Amino acid sequence: MTHFKKWLGLVMGVLATLFVAFTVNQQVVHAEKVTYSVAPIYPENQTDKNLGYYDLRVKPGQKEEVSVVVQNTGKKDLEVDVAPNTAITNQNGVIDYSQSDPKYDKTLKYPFTKLMSPAQRLKVPAESSRTATFTLNAPKATFEGTILGGFYVSQVKQDQVEQALDHKKGTSLTNRYSYILGVKLTQSDQTVKPHLRLNRIKPGLLNGHTAILSNIQNTQANSIGEMQVDAKIRRAGQSKVLYHSKQTDLQMAPNSNFDYGIDLKNQPLKAGRYNIKIKVNSNKGQWLLSKDF
């Protein structure tokens, strides 16, 4: 199974985010079960109707409708937001479709969000379904590789009255259940090879600890998966490893970047010149990145 199928094929996997804040008189709060689902309506240019996500072969300047069905299986009406978002790489090294207004990488020529009509809010009656239809305007020029995005479907938060009632009971509870329907746009079967670049290196925080943040950039229109990253910091010109970090199963979206962090264990980095070497193995290639700082 390819990286793309592995992650975008998780269409029906619900992402549930539950925030519970307790006051002094702590109470047990149970989250309600998920009462809605989403499904794609494939247009004629879908390459494979068994994928579980949109894989659309588009022509320059092509205009078409892309629809998402939301099914409410519960006994109460609900509202959901359906947002076409551009795929980025978040700071955990994961391809992320949930951000509506991220900072795009400078190499990203065609953000998916810019090619789609705006987000919609659907009111879905109990035990019914509703369809959100979007207009896709493919780039007028030819492009190589992949444009990657997705429909991020999230349940609208509780209204202020419900939240106020929760606060009076000593709890604050917000359930947010989200789905992702991935969208991949291509013009041909020809792929481009990803290329990684090591950009700025700066001090920062990683999980509340002091860290060195190294910006890794994928400059090409192809995603990368199954990344194994091995990073080592040494004094410039010396062989002794001062700090070491290793992570597996990272990912990068096409034309994106993220800050890879190396934990300094809350120790200050002494003044001087240092070198960082980062080895990356993945399902799309291998890279050795090095930079003095």
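Just so you know, glycine gets a Cβ as well, placed from its N, Cα and C.
All annotation found in TrEMBL is predicted automatically rather than curated by experts.
Positions annotated as domain 'WxL Interacting Protein peptidoglycan binding' by TrEMBL: 36-154.
Taken from TrEMBL, the feature domain 'WxL Interacting Protein host binding' applies to 168-293.
Residues or ranges marked as signal peptide in TrEMBL: 1-26.
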Counts of helix, strand and coil residues, the domain 'WxL Interacting Protein peptidoglycan binding' (36-154), according to DSSP: 4 helix, 57 strand, 58 coil
Local confidence of the prediction over the domain 'WxL Interacting Protein host binding' (168-293), expressed as mean pLDDT: 92
